[in-house]
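> Here's a structure for you.
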Amino acid sequence: MNIILFGPPGAGKGTQAHRLVHDFGMVQLSTGDILRQAVKEGTEVGKIAGELMKAGKLIPDDLMIRILGERLDKPDTKNGVIFDGFPRTKPQVEALDKLLAERHSKLDCVIEIKVDENALVKRIVGRYVCAQCGAGYHDEFKRPHKEGVCDICGSTEFKRRPDDNEEAVRARLVEYHEKTAPILPVYEARGIVAYVDGMLPMGDVATKIAEILKEKGAKPISA
């Protein structure tokens, strides 16, 4: 089963994708990760991409599609994939359709994680991580058991992402609505979009997503 997790930055797409990888044996295909791996492996398209990246240039859609196609051809994608960061534009929607059709496959489901944006800003601005082990915390929702000490490794050093401030977060939301959100109606017209309340606890969101996928025929790997 091939799916897209859809929603604004900070909606929890990454967290839910990790759950699906674990529970359903799916592969998360992040365009950034795929690109870096292709460059590292030194494939033909990877070399071209590497030169563009060194020059500070954007990767064109046709090259990204070729890299994505190479990744889809690897055997670990047999249980399906979660597309992360792609597609983001209508031409990319068409390119993904073609890419899957060439492999006698298709996109089965788009799950939109719906969130209240003011609450989302609060969620993002308050998050921070342990500087040593990367364990995640939040000013309001998940503080360390002992103030100032990481629950996992005992470190007393923490850090925040530089762009996790309200101004930057709202700018990312504006960009999302202008550039990415317009592709959702394309999938809605096909009748393959399902909606999940992203303001529920993370475990409940995961349960809802799993129920949607099971209804569409996906089987957990433990089943």
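Cβ atoms here come from the backbone N, Cα and C positions, even for glycine.
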> Looking at 30-59, 60-89, I want to know which stretch Swiss-Prot calls region 'NMP'.
30-59
> Please identify which of L200, L213 is recorded by Swiss-Prot as part of the ATP site containing G10, A11, G12, K13, G14, T15, R127.
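The candidate from L200, L213 that Swiss-Prot ties to ATP along with G10, A11, G12, K13, G14, T15, R127 is L200.
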> Can you name every residue in this chain, apart from C130, C133, C150, C153, with its Cβ inside 8 Å of the center of the Cβ atoms of the recorded Zn(2+) site?
A131, Q132, G134, A135, D151, I152, G154, S155
> So, in DSSP terms, is C150 (Zn(2+) binding site) helix, strand, or coil?
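Where C150 (Zn(2+) binding site) sits, the three-state DSSP reduction gives coil.
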> Using other CB atoms within 10 angstroms as the count, which residue among the binding-site residues G10, G12, G14 scores least?
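Taking G10, G12, G14 as the binding-site residues, the minimal 10 Å Cβ count falls on G14.
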> Roughly how many Å separate the Cα of C133 (Zn(2+) binding site) from that of R160 (AMP binding site), to the nearest whole number?
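So the Cα of R160 (AMP binding site) lies 13 Å away from that of C133 (Zn(2+) binding site).
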> Whole-number Å distance between the CA of R88 (AMP binding site) and the CA of K13 (ATP binding site)?
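Approximately 15 Å lies between the Cα of R88 (AMP binding site) and that of K13 (ATP binding site).
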